[in-house]
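Let me begin by presenting the structure, written as structure tokens, before commenting on it.
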Amino acid sequence: MSMFLDTAKISVQAGRGGDGMVAFRREKYVPNGGPWGGDGGKGGSVIFRVDEGLRTLMDFRYNRKFKAKSGEKGMTKGMHGRGAEDLIVFVPQGTTVRDAETGKVITDLVEHGQEVVIAKGGRGGRGNIRFATPRNPAPEIAENGEPGEERQLELELKILADVGLVGFPSVGKSTLLSVVSSAKPKIGAYHFTTIVPNLGMVRTKSGDSFAMADLPGLIEGASQGVGLGTQFLRHIERTRVILHVIDMSASEGRDPYEDYVSINNELETYNLRLMERPQIIVANKMDMPEAQENLKAFKKKLAAQYDEFDDLPMIFPISSLAHQGLENLLEATAELLAKTDEFLLYDEADLVDEEAYYGFAETEKDFEITRDDDATWVLSGEKLERLFVMTNMERDESIMKFARQLRGMGVDEALRERGAKDGDPVRIGKFEFEFVD
């Protein structure tokens, strides 16, 4: 079985928009030709698309950087530059995408073909044909292309198994999976033989089929990182039915009922919603001595926790090694799956509104002013820096336009209030100029 990569850290960068062009119409018999510079093309966006054929995040181990192409520059005759194609990145079903800096969930990719724009391409800069006015019919102004969005992301794969096997190490989960499916998990008589999830397709005699995941063994304290810890608890978040496998022979000296309670406590501690999933108790190793007596004691303790009118969890005595009781277990599992809906991983309120990434929040500051040790005033802020990088600093008219934009944003007034004097150095990024009062 292929290794399942649970998480991957990658960077994505959308393409920059193409620069607008400064050009003028110069043709014979056309006097006083006006501006003729076209707009730059848009930069390519980075789009994640779900491919149900992918089962792991293995590809992201070797390719961690994804960069879309930039748009082409504007041309003469008012022609626009060609926009860049979007970069499509294929991800498995069940991939959760988080912002690595904030930890917020950006999107949950669960449907085949689902697409989400992860990083938006930059807008193409406007050519000088766009800036013509009656007062300035021949402007030497053009914008640089807007930079594309850049992000650091964390990908997390939630296995899309219908049924998850949970239980203490060495209770027989791997053996059960190998017997009822074509999966070939590593099997051993020691703890944590399974260190990665194994998936197998199960088909019942009645023709029903479902995916079953043999998940690494849980121990008490797993939700706090003990043993194999929380990295594997996340795998059962998507399973619709949980098969709780218990070693009813108590071959390692533990009480079967205490095992049952301990594992359920870990599931509840990790995520309260896990306990909403229906559970079937699988009493394994029933071919071993004392298993029958232990099962009687288990049922008695379990019943004591319920009112007489409550429905007790289903219990199926089996032996994976002896192939006993498996057919009834699988048929009951298929029936339970048929009437169990999928569970949402997150409340809708936890998902980030995509608009928050493609616009500016009303409460966001347009700029910030700090002062370096060398007495230089430093201007920063997403909106201000965006205007700066889209300004062609090689043309005087563009610089004057940028100065007017700063004045309109209130930068000049804010500098005066902070004590800036005529001739003080001011810096935006690596560009430095003098403050003129």
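Glycine is treated like the rest: Cβ placed from N, Cα and C.
According to Swiss-Prot, the GTP binding site annotation covers 167-174, 192-196, 214-217, 284-287, 319-321. The annotation Mg(2+) binding site is assigned in Swiss-Prot to SER174, THR194 on the grounds of sequence analysis. Feature annotation from Swiss-Prot assigns domain 'Obg' to 2-160; the stated evidence is sequence analysis. The domain 'OBG-type G' annotation in Swiss-Prot covers 161-338. According to Swiss-Prot, the domain 'OCT' annotation covers 359-437, on the basis of sequence analysis.
There are 20 other Cβ atoms within 10 Å of the Cβ belonging to SER170 (GTP binding site). Using a 10 Å radius centred on the Cβ of LYS173 (GTP binding site) and all shown protein chains, the other Cβ atoms total 30. Taken through DSSP, the domain 'OCT' (359-437) splits into 29 helix, 17 strand, 33 coil. Taking the domain 'OBG-type G' (161-338) as a whole, pLDDT averages 81 in the prediction.
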